[in-house]
Amino acid sequence: MGCAPSIHVSQSGVIYCRDSDESSSPRQTTSVSQGPAAPLPGLFVQTDAADAIPPSRASGPPSVARVRRARTELGSGSSAGSAAPAATTSRGRRRHCCSSAEAETQTCYTSVKQVSSAEVRIGPMRLTQDPIQVLLIFAKEDSQSDGFWWACDRAGYRCNIARTPESALECFLDKHHEIIVIDHRQTQNFDAEAVCRSIRATNPSEHTVILAVVSRVSDDHEEASVLPLLHAGFNRRFMENSSIIACYNELIQIEHGEVRSQFKLRACNSVFTALDHCHEAIEITSDDHVIQYVNPAFERMMGYHKGELLGKELADLPKSDKNRADLLDTINTCIKKGKEWQGVYYARRKSGDSIQQHVKITPVIGQGGKIRHFVSLKKLCCTTDNNKQIHKIHRDSGDNSQTEPHSFRYKNRRKESIDVKSISSRGSDAPSLQNRRYPSMARIHSMTIEAPITKVINIINAAQENSPVTVAEALDRVLEILRTTELYSPQLGTKDEDPHTSDLVGGLMTDGLRRLSGNEYVFTKNVHQSHSHLAMPITINDVPPCISQLLDNEESWDFNIFELEAITHKRPLVYLGLKVFSRFGVCEFLNCSETTLRAWFQVIEANYHSSNAYHNSTHAADVLHATAFFLGKERVKGSLDQLDEVAALIAATVHDVDHPGRTNSFLCNAGSELAVLYNDTAVLESHHTALAFQLTVKDTKCNIFKNIDRNHYRTLRQAIIDMVLATEMTKHFEHVNKFVNSINKPMAAEIEGSDCECNPAGKNFPENQILIKRMMIKCADVANPCRPLDLCIEWAGRISEEYFAQTDEEKRQGLPVVMPVFDRNTCSIPKSQISFIDYFITDMFDAWDAFAHLPALMQHLADNYKHWKTLDDLKCKSLRLPSDS
């Protein structure tokens, strides 16, 4: 049983007849308005969209009498009769159960009705459009008004009918219709163009589409121009046609055309509101640099009113003379290619003062896939020179601290960093995010000296503010990664399917992977080997002819270091070192005599342990040979100066001096004196460099540094230390990744003539020279897999034997076995070599080859890998097939 609709009378005489919210009876929502010169019964009828199309045109739109009857019937609680078919729809029911009503509606028009509430996109914005409202302004009911009324019903639009200009304007101001249809066929009742102008004079009409219904023109008359209608404020003209489908098609076209476009334009108001309240100065120009928009922050920053800027070309504005002469050309070249430009730019304010800005210019692609606009974001650099200008901007604009950007508020406490504003709330955890970040952000802002990583974090935090939630969360994860100490090192996981790789990682890349609680075991081997009696230094003429003849080939990569080891009775370092150092003019650079250099080599070689299977002076000579070979490559030679070359040769010579034949993990687990001394961090590498300098400077007879000035010595010493420490395997991936990102990629971009705005390779920059030297000695240190096959096999046997001996001692002393696969009874040497090459060698030498061009080495690497792979496929665990032994 239905409930009577409630009736409200406005002061202007408008009577609204609304459904009772508690009613569930099916009935039509109607409202009746009284115009100033009309009787009370009604001058316009509103109907919400029906769920079904009336069965016939004959039933027509409800007349005044029908509305009265519908109101009476609804008031008595009965359903509307057939005299008013629109009143018999399920609209009342839909107010209470929309989903069920839609499911029950099975007409061919249902999908059409849903269009009006479909999602609309404008750029990244998602909008939901409310059902379309249509206002029909017809002085009297006729077939044309009926046609539009039923077309609205079919399309699912809400419709109002007004009979007078006054009631039409009142209704429009109340409901803000998207479409207005005005009867322009007759002039005796009202002036259609005057009605249109009166509506256009109101603010809500800015995005309304107004349609003029004009009389059909006979064939013998010329059609009138549409310009007077457009000048009056109409958007479209509709030639009289009372067909419902013709009216329906017209309305649907308007909805998907002008109404949808106007809806998007109306949504742009929110974007402009955001721009107006943005702290960054924003400037939008056309493709030919005519200023189209500036926000209030831009006006405050530059001292201009927007009226002074809009429509002007950027070239007409005063320029600062503090910029580079070619800066504007550089910027234009970049943005004309459709690429973003970012950098520091000096701008001139209206007052004539120059201010330094962080500027980001983004091209915007428009019609035809061409650049149509440029958007510039500008922020003041908070430098000392800008402080006065910032104060002046504040004073002129009258901004208080509540509206100032952070870059202004922290102007006296920060230098040269991107502003970080308060982190906007995101999702349900926003309060916790904000509370968690604020103290740290405040501390970052208060820094007077900022590290590069701090600036990076500032930029990311600033980017989070205007990012979608998913992007902000991803940037949170980025920040967590950046706050770790191992930025370039991969996360090392255990490879169950490859125990060799797992053990190599554990044994070479960790210090004391499995520690004992109290260092119960002490490494007792004397790693500070006492000096053996040294023979008198030899002269160049004392070198035996057989050694001299062998050294004639030392510049070749295929030089056989083991032949030199045998012929020199395991003292190859002195002989090879003298030859290599002479070739690179080391004595001349250090201003030392050859006698001093020979004495130094003898002292260093004496402190290598000949009892070690691998880490002995032959390995040092091999690394020195590889380093010298790399220094002879054209690109390496062009990247380093002589001091770098001398430092590299010395570092290669001493890089493993006094090596005990055990890994860092072993020393840490054993609680050795060296591990305690160096806090379990880079134990051996720190010891090698420290001992090398101790041995060098304690005796003037072998002090090769005694004749260079203090500054040169400090620079040389730092370079040597840095290179030796780079051989520590825990930093392996960090060094390789830095080299690839800082050297290889920029160099590749240069070679390929890329248009990207990246910095040049800058190989001669000090920071890049450091990366090159680190990479060079790392490759020289583990170049065995890139040697000719016979040499590669010999080195593989030696390193395996040293690891076997360590495993034996770990078991004997009850220490953790850090590399269990290196058990001499079960180990597969081919598998261990394959794992070492796959995990450590291939990527590093690919990167080094891309820089230094080493095709012969890469071929050896491929051949050797094939050798080990063949042995492994045959289940052979030794260095060679039994038939080859």
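Easy rule for this one: first residue shown is 1, then count along the chain.
Cβ atoms are placed via backbone N, Cα and C, with glycine included.
These numbers come from a predicted model, not from an experiment.
Annotated region 'Disordered' per Swiss-Prot: 18-41 (among others), in sequence order.
What Swiss-Prot lists as region 'Disordered' is 72-95 (among others).
Sequence annotations record features per position, and here Swiss-Prot assigns domain 'PAS' to 267-338.
Marked as region 'Disordered' by Swiss-Prot: 393-436 (among others).
Residues or ranges marked as phosphoserine by Swiss-Prot on the basis of a large-scale study or a structure entry: SER517 (among others).
If you look up Swiss-Prot, you'll see 539-875 marked as domain 'PDEase'.
Neighbours of HIS615 (active site, proton donor), defined as other CB atoms within 10 A of its CB across all chains, total 22. The feature active site, proton donor is assigned by Swiss-Prot to HIS615.
If you look up Swiss-Prot, you'll see HIS619, HIS655, ASP656, ASP781 marked as divalent metal cation 1 binding site, on the strength of similarity to another entry. Sequence-distant neighbours of ASP781 (divalent metal cation 1 binding site) (same chain, 6+ apart, CB under 8 A from its CB) are VAL623, HIS655, THR727. In the three-state DSSP scheme, ASP781 (divalent metal cation 1 binding site) is classed as helix.
Every protein chain considered, the tally of other Cβ atoms within 10 Å of the Cβ of ASP656 (divalent metal cation 1 binding site) stands at 24. DSSP classifies ASP656 (divalent metal cation 1 binding site) as coil under the three-state reduction. Summarising the annotation, Swiss-Prot assigns divalent metal cation 2 binding site to ASP656.
Marked as phosphoserine by Swiss-Prot on the basis of similarity to another entry: SER754 (among others).
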**OP:** Taking the recorded divalent metal cation 1 site as HIS619, HIS655, ASP656, ASP781, identify the other residues of that chain whose CB atom sits within 8 Å of the mean position of the site's CB atoms, giving them in sequence order.
**Re:** HIS615, ALA620, VAL623, ALA652, HIS659, THR727
Subject >> For the domain 'PAS' (267-338), the number of residues DSSP places in helix, strand and coil >> reply: 34 helix, 13 strand, 25 coil
Subject >> Distance [Cα-Cα, Å, rounded] between HIS615 (active site, proton donor) and ASP656 (divalent metal cation 1 binding site) >> reply: 7
**OP:** Give the three-state DSSP assignment (helix, strand or coil) for HIS615 (active site, proton donor).
**Re:** coil
**OP:** Which residue among the binding-site residues HIS619, HIS655 has the fewest other Cβ atoms within 10 Å of its Cβ, if you could check?
**Re:** HIS619
